Amino acid sequence: MATKHDWTKEEILEIYNKPLMELLYEAATIHRQNHDPNTVQVSTLLSIKTGGCPEDCGYCPQAARYHTDLEGNDLMSVNQVKAQALRAKAAGSSRVCMGAAWRNVKDGEEFDDVLEMVRTINKLEMEVCCTLGMLTENQAQRLAEAGLYAYNHNLDTSEDYYKEVISTRGFDDRLKTIDNVRKTNVTVCSGGIIGMGESAEDRAGMLVALSTLNPQPESVPINALVPVEGTPMEEQEPVSIWEMVRMVATARIVMPETQVRLSAGRTQMSREGQAMCFFAGANSIFAGDKLLTTPNPDVNEDMEMFKALGLNPQKAFEKKEQPKSVDAEHSQFQNLGEKPKWSRPGHKIERNLQAQEKRKTKA
Ligand code: SF4
């Protein structure tokens, strides 16, 4: 059946609000038609540059303006990244996602280092993903040429609710970056977070934005907010497992071929809850004791869960063939020294400002 790209919010809400057993049955059926239900991809998320971010994302402990206990780090070296990737591979990961707390990519030495990290991991026969902030077309091409498999750029929430979470960049800039990635052969990873105070309509709105992209993202992470002390969302109530299952199942139904990734918030879920998410169509997880900066289940715990559920880790490049890495000296794309103007809407978000004020009083 051809993939539908004209989902409306009403249609998606209707799916999200179905009686749970019906929703699960429908999602599991679509899942089986498009994926092996006993295979789950295991990815490792590596924070290659932590903290000190100029953005004001209300959920994020890496934003410099909030007072959290986070220890920041400058960009890791290529060798450090290689060592961690080898460790992840030995523990069963087929994909490494490198995250840097940047607003956007800047041409220069640090980006050149990231390109080298991409080449290095690709040569280890692992899928390489990066999440580095906003990106121009030329930068996307350079990453593609280095052998990048996927680029992550989350929409986070609906366009309407985005204005309640972030004031330092616009939703359109996110879409523009995704579009720049789409001009290359790099796959798109884009999803969001639930539990930030948004409504079911906002959740549906986010799924509209993702599912109406053509092609749809190859990977969609669904995160449950992990409230971190010092951030504007520190007091947010955790989402229930039912909301998570509904979100996963709905994402599966509206994006049948996508890898739906169970991301942050797994430590708050029981194994039974996670099993229900896998049944509902989640087929990817992040392994490792940290998800950038928030806690994540231990690798051994995950492997025990896989054993109990009869799940197998997905092999690298099962969905798409391995890209070739072009060495820096043979690159066809120049460092353009671009200074793109990404927007700064600059509206006021009360809880973000309060968290910022608190930081000043603590400092
Ligand atoms: S989510 Fe990313 S862009 Fe936003 S503050 Fe955190 S590191 Fe910066």
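Just so you know, glycine gets a Cβ as well, placed from its N, Cα and C.
Remember, TrEMBL labels are computer predictions, not curated facts.
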- Of the candidates C129, C277, which does TrEMBL annotate as part of the [2Fe-2S] cluster site that also includes C97, C189, R261? C129
- Message: Given the binding-site residues C53, C129, C189, return the subset with CB under 6 A from an atom of ligand 1, ordered by sequence, or none if empty.
- Response: C53
- Other than C53, C57, C60, the chain contributes near [4Fe-4S] cluster (Cβ within 8 Å of their centroid) the residues E55, D56, Y59, P61, Q62, A63, A101
- Task: Would you count the other CB atoms within 10 A of the CB of C53 ([4Fe-4S] cluster binding site), including those on all shown protein chains?
- Result: 22
